[in-house]
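Chemist: Heads up, here are the entries from Swiss-Prot:
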ACT_SITE  89  active site, tele-phosphohistidine intermediate
BINDING   74, 89  Zn(2+) binding site
DOMAIN    37-141  domain 'PTS EIIA type-1'
MOD_RES   89  phosphohistidine
SITE      74  site 'Important for phospho-donor activity'
């Protein structure tokens, strides 16, 4: 043990593990509280962020398994290898479009890696027909984590960290 070893001890994090969630869509991060649907804005289904999307695809934001892609193709759940239960819901009232403007690429129960395409969408059509295109990305089992750190600003699908969860 050297004379200086006690001088440079790094402060240990109070969390044992950090799990990063990447952007499933490109666009701008919006506060979840600003989504025009109380189910999301009041965090009834979980905590997270929303994205004002650009582009035309929704990618896997984590390595894991697709739980369910809704028949209307506007939303899906994914469970990560670490047990994160994540829900991506494109737009508000998009269920009423019954799949119009969406094309499913991935399948229920499919294993996916970060960046794999899950759903393609026609942004111009959805801007015209949906009540809102704000896309909530929420952690439905948020109570299992000690802390959530949310990013802000412009993001790139499959590249930018949008949230970090800590155990």
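Just so it is clear, glycine is given a Cβ too, placed from its N, Cα and C backbone atoms.
Show me how these features fit into the structure around them.
Modeler: All chains included, 24 other C-beta atoms sit within 10 angstroms of the C-beta of residue 89 (active site, tele-phosphohistidine intermediate). In three-state terms derived from DSSP, residue 89 (active site, tele-phosphohistidine intermediate) belongs to an extended strand segment.
The average per-residue pLDDT of the prediction over the domain 'PTS EIIA type-1' (37-141) is 97, rounded to a whole number.
Summarising the environment of residue 74 (Zn(2+) binding site), the number of other Cβ atoms within 10 Å of its Cβ, over all protein chains shown, is 28.
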